[in-house]
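For His363, the entry in Swiss-Prot reads active site, proton acceptor. Residues annotated as UDP-N-acetyl-alpha-D-glucosamine binding site in Swiss-Prot, with sequence analysis given as evidence: 11-14, Lys25, Gln76, 81-82, 103-105, Gly140, Glu154, Asn169, Asn227, Arg333, Lys351, Tyr366, Asn377. As annotated by Swiss-Prot, Mg(2+) binding site applies to Asp105, Asn227. Among the features that Swiss-Prot reports, acetyl-CoA binding site is placed at Ala380, Asn386, Tyr387, Ser405, Ala423, Arg440, with the record citing sequence analysis. The region 'Pyrophosphorylase' annotation in Swiss-Prot covers 1-229. According to Swiss-Prot, the feature region 'Linker' maps to 230-250. Under the heading region 'N-acetyltransferase', Swiss-Prot lists 251-456.
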Amino acid sequence: MKMTPFSVVILAAGKGTRMYSDLPKVLHPIAGKSMVKHVIDTVKQMDAKQIHLVYGHGGDLLKTHLKTEPLNWVLQAEQLGTGHAMQQAATFFADDENILMLYGDTPLITAQTLTRLIAAKPANGIALLTVELADPTGYGRIIRQNGSVVAIVEQKDASPTQLTICEVNTGVMVASGASFKKWLSRLNNQNAQGEYYITDIIAMANQEGYSVQAVQANTLMEVEGANNHLQLAALERFYQQTQAEKLLLSGVSLMDPHRFDLRGSLQYGKDIQIDVNVILEGEVKLGNRVRIGAGCILKNCVVGDDVDIKPYSVFENAIIGNKAQVGPFARLRPGAKLEAESHVGNFVEIKNAHIGKGSKVNHLAYVGDAEVGENCNLGAGVITCNYDGANKFKTTIGNNVFVGSDVQLIAPVNIADGATIGAGATITKNIAENELVISRVPQRHIQGWQRPTKKK
């Protein structure tokens, strides 16, 4: 049976007072991505006809953050409740489509659950997403009669008997566009909060003889919202634990799944070993037999087979070839590319530079805007001086070059194959193939030198 076309409304107008932040609540991140972006990405998996986003507080920030998303922006100038928010969007509803109502601060909702909910919607009726809570305090209670939902009563309006009910409303629902428009036009704000409750349409549907069905979410956390940083942290931990469990079951070795964060997507081969406190951000791809030491951060990186990344190294937009060794305490900045079997050691920074196969930069060096050939050795303290305060220049180093300790290479400069540069040199001119270059102040010996003494 063909599914009725549907559109989505995401409510994202709230300020989030309890966040104590200038950032709109829905822009606070889970796993490095805003809560509302999680919801949008979930909806985009479902082939929705249109996504309406109801905004209010921090609208300019929201529009900047979501400028590339296919959204219809709907302004809610005053925040007068969920029903009022839906009223602002109702003018865009087609009568013959279903409308799925979601919240921008419930980031872990799944496409599978939402698909079940849409499939459960009765003709001309409503399907609600509910959940059972051990402590339902603060949530709207589901009132049933003969199995069907007849009302949702908010905490402040509930009777003592109704307060004992543990099945609660998640706020997520689906109905036809025609039904929503009809019921939304009848809402009033005669309640303790003086707001327009979307939940009042449940009673309207029942009065007209239309069925209201409830579908329960698979887990509480997928429908849990975040109104403060404590709840936000709980969602983050649940999300990270879920990601860690998926990786463990897929063969990835995590030394401690409670001390691992995935803030993006990960592609991986076999026999991956990840130590504690590793953070993977953006799009990360790991080959086979990759080892990542404790405390490393990788963002938007491609890592080949048999790579050993030692502890406390930080990489961003870098490519690392097979059998390379990096770290500890190494930094690869955007544009760094290490070929196979290369070594980058402790306290080395590589930026917008290509390190050739088998080359080594093992200690306390900076290589920026550079091309380094194969089987080179750059000693401790080597610096490519690539910036004159206004412009950047390139250093080119051929194959089989040896650069001694504490050498400054003043770009632009070319070092040909087989060259050797003595320690302490400052190189300002090109060096020919197989040349030895020494540039240092002659050593002086002063006999009988007396050191200064402190005055008493």
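Yeah, the Cβs are placed from backbone N, Cα and C, and that goes for glycine too.
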Between Gly14 (UDP-N-acetyl-alpha-D-glucosamine binding site) and Arg440 (acetyl-CoA binding site): CA-CA distance (Å): 66
Among Leu11, Ala380, Ala423 [binding-site residues], residue with fewest other Cβ within 10 Å: Ala423
Nearest recorded site to Gly104 (UDP-N-acetyl-alpha-D-glucosamine binding site) by CA-CA distance, among binding-site residues Asn227, Ala380, Tyr387, Ser405: Asn227
Those binding-site residues listed as Asn227, Asn386, Ser405, and which of them has the most Cβ atoms within 10 Å of its own Cβ: Asn386
Number of Cβ atoms other than its own within 10 Å, given for Arg440 (acetyl-CoA binding site): 12
Cβ neighbour count (within 10 Å, all chains shown) around Tyr387 (acetyl-CoA binding site): 12
Farthest-apart CA atoms of Ala380, Asn386, Tyr387, Ser405, Ala423, Arg440, residues recorded for acetyl-CoA, distance in Å: 23
Proximal residue to Ala423 (acetyl-CoA binding site) among binding-site residues Leu11, Gly81, Asp105, Glu154, Asn377 (C-alpha distance): Asn377
Least surrounded among the binding-site residues, given as Gly14, Gly81, Gly104, when other CB atoms within 10 Å are counted: Gly81
Integer Å distance between the CA atoms belonging to Arg333 (UDP-N-acetyl-alpha-D-glucosamine binding site) and Tyr387 (acetyl-CoA binding site): 16
His363 (active site, proton acceptor): tally of other CB atoms within 10 A of its CB: 16
Packing count at Asp105 (Mg(2+) binding site) (other Cβ atoms within 10 Å of its Cβ): 29
Distance, the residue listed as 'active site, proton acceptor' to Arg333 (UDP-N-acetyl-alpha-D-glucosamine binding site) (CA atoms, angstrom): 17
Rounded Cα-Cα span from Gly14 (UDP-N-acetyl-alpha-D-glucosamine binding site) to His363 (active site, proton acceptor), Å: 51
